[in-house]
Amino acid sequence: MGKAWTIGAICGIPLRVHPSWLLIVGLATVLFQAQYGQLLQDRQLTAPGPGLWLLGFLTVLLLFGSVLLHELGHALVALRHGVKVRSITLYLFGGVATIEKECRSALAALQVAAAGPAVSMALALIFFLLVNISETTQPIAALVCQRLMILNLVLGIFNLMPGLPLDGGLIVKALVWHFSGSCRRGIQVAAVAGLVLAVMAIGLGLWFVLVLRVPSGLWLALLGWFGLEAASTQLQLLRLQDQLLQLRVQQAQGRRYRILNAQLDLQTVSHQLAQEPTEMGPQDWLLVYDGHRWLGRFQLDALKTLPVQCWPREMVSQRLQPREEIPSIGDSAPLWQAALALEHAPESRLLVLNGAGLPSGTIDRVDLVKAVCRGLGIRLPEPFLGQVQRLGLYPPGLQLGLVASTMADNTMADSEDTDSSFKS
């Protein structure tokens, strides 16, 4: 969504405004000003020249206040269920409350999703009552309240449409999750529904514009395009999750390590490393064995910190990182667990252990990217992968660490939801 400006906080939740919000403020003010001019003329009422513009601008502010309350409804219910809310952002198409992780149960997710539309419906009812109270004594105020009643009603009903990223899609996700026991299944159903709705909105909007000559149909088409992008992104995320779930570490691991005898002195080790190409030497981990027993990893820093004259008397076994301290993972673990562990690995690499607890390989971010892309039928150029290797970062669009983090949340949620269903 791009960079947004933080303008304050509500209940400890940062409130942000995206630059696109300024565009809609201007356009909506012009639109409301024209509508009020026509409505006042029809009712034989008048307002000063700047009065129409002030009414239009006031309506825009109250509308976005309504959107803010809608998102605050989501946020407060999420907080009640122990889910941290990162921010509330107002932007071109409305607002979004960004939560830190998935709710721990389907019923909690359902309550969070339904809270926003419930607030909009409540606001519509409040403005309806205000219309009836002020219609005879304050006709202009009644017009503003009537407009806001309609807008909140539309906001509530529109958001209940059953497809992601709308609240109705989140409700569908929660319901499917509750009855199937799988959060992933709920996301999949809601994302597909969102894709269908988005295509229909684009088609209907273009039909309004091209056939019926209704310019406002372009807005519906733009909303559909936004929904299409969001639903497609969600489905792409599910494809990445499928790969991380199905593939095992042994299918992605490399072998960026070498074997050293524990009885070698540091001078001999230095000579051996000097004879190897750079990419096959210092970049590899040096695992130390004493006969058939592996002890740990040789600390290359010893060659930098110890004086050269000490190398012949210092043994490899004296400069070890114990095997218990080496970040590692089992070769049968799913790939998402490796992606999650790599986020906390000091050198962005894990040692892979077989069923007997012996080293069988290593795995890093490039290994993950290669395996996932291979599963998706995508081929990335080697120079690009080399750059990823040097930077130690995932390429754009393949933030597997973040994907794995959401999978961990969903797995925990599925587990807890299944446990709760057994208890009931």
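Just so you know, glycine gets a Cβ as well, placed from its N, Cα and C.
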Could you look at D167, D242 and say which one TrEMBL places alongside H70, H74 in the Zn(2+) site? D167
Matching range for TrEMBL feature annotation, transmembrane segment, among 81-99, 366-384, 385-403: 81-99
Where else in the chain does the transmembrane segment (106-130) make close Cβ contacts, counting only residues six or more beyond its ends and a cut-off under 8 Å? 66, 69-74, 76-78, 81, 83, 97, 99, 141-142, 145-146, 148-150, 152-153, 155-157, 159-160, 167-168, 170-171, 173-175, 177-178, 183, 186, 413, 417
Between the stretches 20-39, 81-99, 150-177, 218-238, which one has more Cβ pairs under 8 Å with the transmembrane segment (51-69) than any other? 20-39
If you measure E71 (active site) to D167 (Zn(2+) binding site) at Cα, how many Å is it? 10
If the Zn(2+) site is taken as the center of the Cβ atoms of H70, H74, D167, which further residues of that chain fall within 8 Å of it by their Cβ? E71, G73, A97, A113, A115, G116, P117, V119, S120, N159
Average the pLDDT scores across the domain 'Peptidase M50' (144-199) and report the rounded value. 93
